[in-house]
Every structure is written in C-alpha cells, then in structure tokens.
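Colleague: A single structure is presented below for examination.
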C-alpha cells in the first residue's frame, strides 16, 4: 500500500522543492507525516489504516529527493558523502527501533511513537536555514550569503566556494525559465547521462533482491535452522547487522570514495547470493549441520549491499544533477527506485513459487553482477568535489557530444 505512493511522492517532490525550497518542503511534509501515523495509531476501521499508510508512504517518497538534495547542497565536499550516506544509516536505525518497539508493544502504540519522529524533524529543521544554492537561484543573494556561512563557517575555502556559486548564478538571476527551456535542459547530456547512471544503479539495487532477501531472510533461517528459531530475535539481529554496516559505510565513503565501494558492493553481493543459491540448490534436506554456510552467505550479502548498493545511489541523487534540474532529476530517479521496489516485492513470491528459491536468488545475483560491470565503466567518482566541479564534468561531456 505504501510503495506506489512513495513513487508518486518522488515525482511530486521534484516540482515541490523547486517551487517551495528545500527547507520549506521539509517543514510542509512533516505535518501529513504525523497525521498519517496518528491515523494508523488511532484507527477504528481498516480505512483509517489504509489512508494512514497512503499518507506515510507519500511523505516518504516526497522526503527522499528533498532530503538528498538539501543535504547535498548544504554540506561541503569533505563531509557531503558521509552526510548523504547517513540517510541510509538513519533508515536502518529507524527500522531497528520500529522492530524493537513492535516486538514489545502493540502496533497502535508503535505507530504513535513513529509519529513523534517527523514532529522532532519539524522542530530541528525549523532552525536550519534554506539551501544557499536555491536562494541564489531565486536571486536572494543576501539570505544565500548568510545561510552559506551559517552552514559552512567563515574561512577562505568557504569564501572561495561562495564566490564560485555567486558568479554562476549572477548569469541566471531574474531570468524566468519557460516550460520549453525546462524540457530543453532535460534533453541535455548534463541531465540524461546522470539519469541513465542512476536508473541502472537503482535497478541493480532493487533487482539484486535487497528488499526481497530482507523480507524472506527469517524464512531462510527457519528452513536451515528449523522451527526453533525466534523470528523476532532473528529479525532484530539482522537489523543490527545492517545498522552496523551502515555506520561502516559512512566511514568508508570518507576514505575510499563512492566508485570503489559501489563496485565492491555489487560484486560482493552477487557472489554472496550466488553462494546462498548454490547451497539451497545442492544441500540435502534438513542439513542443519551445514547451517553456517547459508547464514554466512546471508550476512555477507547484507554487509555488502549495506556499504554500497543501498546508500550510494541516494548520495548521487543529491550530487550528479545540475542545480537547474536537480529537483526533477532526483524526483524521477527516486520514483523509479520505489517503483522497482514495488515490482520486486510483488513479483518475489511468484518467482519463489514458479522458479524455486535457488533460481530466484541466482537471478538476483546475476543482476547484481551485471550492475557491477556497468558501474566499472560508467560510474564517476564525486569524492571531495564541489557540486560545481561535478556539474562542470558533465558540461565537458556535453561539449564532447556536440559536433
């Protein structure tokens, strides 16, 4: 129920963050987010739950592009990768907290507690300034300058970056962009080349089975360890592993960069799930003495996807697109991610039944492997680059594509 509204929300977010700004979009979205959780927590009929799930799903979709673009524009090159990767860490921590609360409390109380977090988000974001890039694009130089120094501090590096930003947007200050000009920008290599990279990246993420494996991981454990396993404990343990690896991913992004981590993540996930597929295909029934093999493959898979495939495409949505189409680009790519998420989760049970679990996992592994090959040849490195430097890279692509 929540997946399709997520995709719709992403598409709406692209227009919303350009019209209202990044900060104001955050504040607006917190309100229906709280309302949705309260409706679920106070539900008297199934209609209340469905409406609540629709609202929360829509808000998750809207916040996806808003969060990545806002963080990408307000953080410096040195820490931008870590802060963008922290989005996946926050999701992992949120899932862990929700599962822990849901284990000990009923679902209505859990929903009400979940509604507290967007309220806290509203309070925090209320005291944060708007994105300097967005303010400059609207011609508000004074507020942009104040916001930039509030966020980055006042030093020579910050002053130089602000001057670079102001020089660029002085050229477009006061200009009104028509729909024809907008569509023309969407046809430029500076838009569609990053878009193709992100769409294939998100496709590889979802069709490598990351969410399907997460949903069925407890079932896999029961098949290998028997019915004696505590499902809630197993779920929480996997959540803890995912959270720890998300922390490690934030550290590795600062040291290694996005490109090597993405490639390692894709190939590591592929070989891990290949191993799981081979075990399920070849191992004799009730082979509990060999249970460590599928468990190792499963944990390795979760570790590998957590350091690259899961966090990095979200990081790139806030980095790869030029400012003039950043909202639209992040919205479309994020919507594609949630749409493929919906398709994979819906088709997963049918694939398990018709193709068997080992073959399904082998297909997921093949997608991850092919995605890794694509990333080797086409994924650029953005570590320690300003957003202007990244955009200039695509401008060089544009110049090379012209006769």
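These residue numbers are counts, starting from 1, taken along the chain as shown.
Including glycine, each Cβ sits where the backbone N, Cα and C put it.
Any TrEMBL annotation is an automated prediction that lacks curation.
As annotated in TrEMBL:
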type: DOMAIN; residues: 1-383; note: domain 'Major facilitator superfamily (MFS) profile'
type: TRANSMEM; residues: 24-40; note: transmembrane segment
type: TRANSMEM; residues: 46-70; note: transmembrane segment
type: TRANSMEM; residues: 82-101; note: transmembrane segment
type: TRANSMEM; residues: 107-128; note: transmembrane segment
type: TRANSMEM; residues: 195-220; note: transmembrane segment
type: TRANSMEM; residues: 232-253; note: transmembrane segment
type: TRANSMEM; residues: 265-283; note: transmembrane segment
type: TRANSMEM; residues: 289-311; note: transmembrane segment
type: TRANSMEM; residues: 323-345; note: transmembrane segment
type: TRANSMEM; residues: 357-379; note: transmembrane segment
Colleague: Give, as a single whole number between 0 and 100, the mean pLDDT over the domain 'Major facilitator superfamily (MFS) profile' (1-383).
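Modeller: Over the domain 'Major facilitator superfamily (MFS) profile' (1-383), the predicted model scores a mean pLDDT of 85.
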Colleague: With CB pairs under 8 Å as the measure, which of the listed stretches 107-128, 195-220, 265-283, 357-379 comes out on top against the transmembrane segment (323-345)?
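Modeller: Result: 195-220.
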Colleague: If we call contact 3 or more Cβ pairs under 8 Å (sequence gap 6 or more), are the transmembrane segment (195-220) and the transmembrane segment (232-253) touching?
Modeller: yes
Colleague: With a Cβ cut-off under 8 Å, give me the same-chain residues at least six positions beyond the ends of the transmembrane segment (357-379) that come close to it.
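Modeller: Result: 197, 200-201, 203-205, 207-209, 212-213, 220, 258-259, 262-263, 266-267, 269-274, 276-278, 280-281, 309, 348, 351.
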Colleague: Who are the chain neighbours of the transmembrane segment (46-70) in space, where the CB to CB distance is under 8 Å and they lie at least 6 residues beyond its ends?
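Modeller: For the transmembrane segment (46-70), the far contacts come to 1-10, 12-14, 16-17, 22-23, 25-26, 29, 32-33, 35-40, 84, 87, 111, 118, 131, 314-315, 317-318, 326-327, 330-331, 334-335, 337-338.
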Colleague: Give residue numbers and ranges for long-range contacts of the transmembrane segment (82-101): same chain, 6 or more residues beyond its ends, CB-CB under 8 A.
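Modeller: Cβ under 8 Å, 6 or more out: 67-68, 71-72, 75, 109-110, 113-114, 117, 232, 235-236, 239-240, 242-243, 246-247, 249-251, 253-254, 306, 310-312, 314-315, 318-319.
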Colleague: Residues of the same chain, at least six outside the transmembrane segment (232-253), with any C-beta under 8 angstroms of its C-beta?
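Modeller: Here the qualifying positions are 81-82, 85-86, 88-89, 92-93, 95-96, 99-100, 103, 214, 217-218, 221, 261, 299, 302-303, 306-308, 310-312, 315, 383.
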